[in-house]
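Student: Pulled these from TrEMBL:
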BINDING   Asp20, Glu200  Mg(2+) binding site
ACT_SITE  Asp20  active site
BINDING   21-25, Arg33, His37, 65-67, Trp69, Arg71, Arg181, 187-189  substrate binding site
ACT_SITE  Asn68  active site, proton acceptor
Amino acid sequence: MDLSNLDQDRLPKHIAIIMDGNGRWATKRNKPRVFGHNEGMKRVVDVVENSLNIGIKYLSLYAFSTENWKRPQKEIDFLMQILIKYIDDQLNKLVTQGVKINILGDISVLPEKVIQKIEYALDSTKDNDKLILNIAINYGSRQEILRAVNTAIKDGEILTDDEFSNLLYTRNQPDVDLLIRPGGEKRLSNFLLYQMSYAELYFSDIYWPDFKLESLIDAIYWYQNRNRRFGGLK
């Protein structure tokens, strides 16, 4: 697809994606849910590459929520395994491409092997700035906000909006411009609630494993045709 038709002056700086529909995609094909997660990981590789090519500066992906611990242990274990595989397979490429990995969420409760892989990826990409890739793992927005509030209370400070924002996992990043949720559901699912105050919300019936470049371009076209007033009248 020709990217030249996109208005480069009106690209969203920060795109957030709730990667939904992996399990249902697999079930429709009479495959186990983990088959869908594996296919969904291929789309992660694609969306990072496509975001770089388009010129997106911040990309936030909802990989594993605090609520996902309710899923069967076998599925949880597989999700941890494909995260490790993603780092193993893609890290060198991400470093070369200038991608910086940032983690949203509390990773202290993850398996030690997963923590070590994440910490290695964070250290390897810390100096990059072409694309900031936020990966939300064991993340919940209410918990993030409560964590920031408790920090402010502990320090006894009255904070401005910018100061409070810098207590969040997305500190020093712009708010989300465009939220994309494939999979047919129309809710935020406790994802970046504070950061999405004025985000444009794009919902698609396409399951995440089928959400390829054309779907991403469609979402950005839709965004570029929105009239973003931010509470004003323009």
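Yeah, the Cβs are placed from backbone N, Cα and C, and that goes for glycine too.
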Student: Would you mind ranking the recorded positions Thr66, Asn68 by how many other Cβ atoms sit within 10 Å of each Cβ and giving me the lowest?
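Tutor: Checked Thr66, Asn68; of these recorded positions, fewest Cβ neighbours within 10 Å: Asn68.
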Student: Counting only other Cβ atoms and using a 10 Å cut-off, which of the binding-site residues Gly21, Gly23 scores lowest?
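Tutor: If we count Cβ atoms within 10 Å for the binding-site residues Gly21, Gly23, the smallest count is at Gly23.
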Student: May I ask which residues of the same chain, at least 6 positions away in sequence, place their Cβ under 8 angstroms from the Cβ of Trp69 (substrate binding site)?
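Tutor: Expected: Ile76, Asn138.
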Student: Can you name the residues of this chain that are 6 or more positions from His37 (substrate binding site) yet have a C-beta less than 8 Å from its C-beta?
Tutor: Asn22, Gly23, Ala26, Glu75, Phe78, Leu79, Ile82
Student: Considering Cα atoms only, can you say which of Asp20, Asn68, Glu200 is the nearest neighbour of Arg181 (substrate binding site) among these recorded positions?
Tutor: Asp20
Student: Which entry in the list of binding-site residues, Trp25, Leu188, has its Cβ near the fewest other Cβ atoms, using 10 Å as the limit?
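Tutor: Counting other Cβ atoms within 10 Å of each of the binding-site residues Trp25, Leu188 gives the minimum at Leu188.
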Student: According to DSSP, does Thr66 (substrate binding site) fall in a helix, a strand, or coil?
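Tutor: It is helical.
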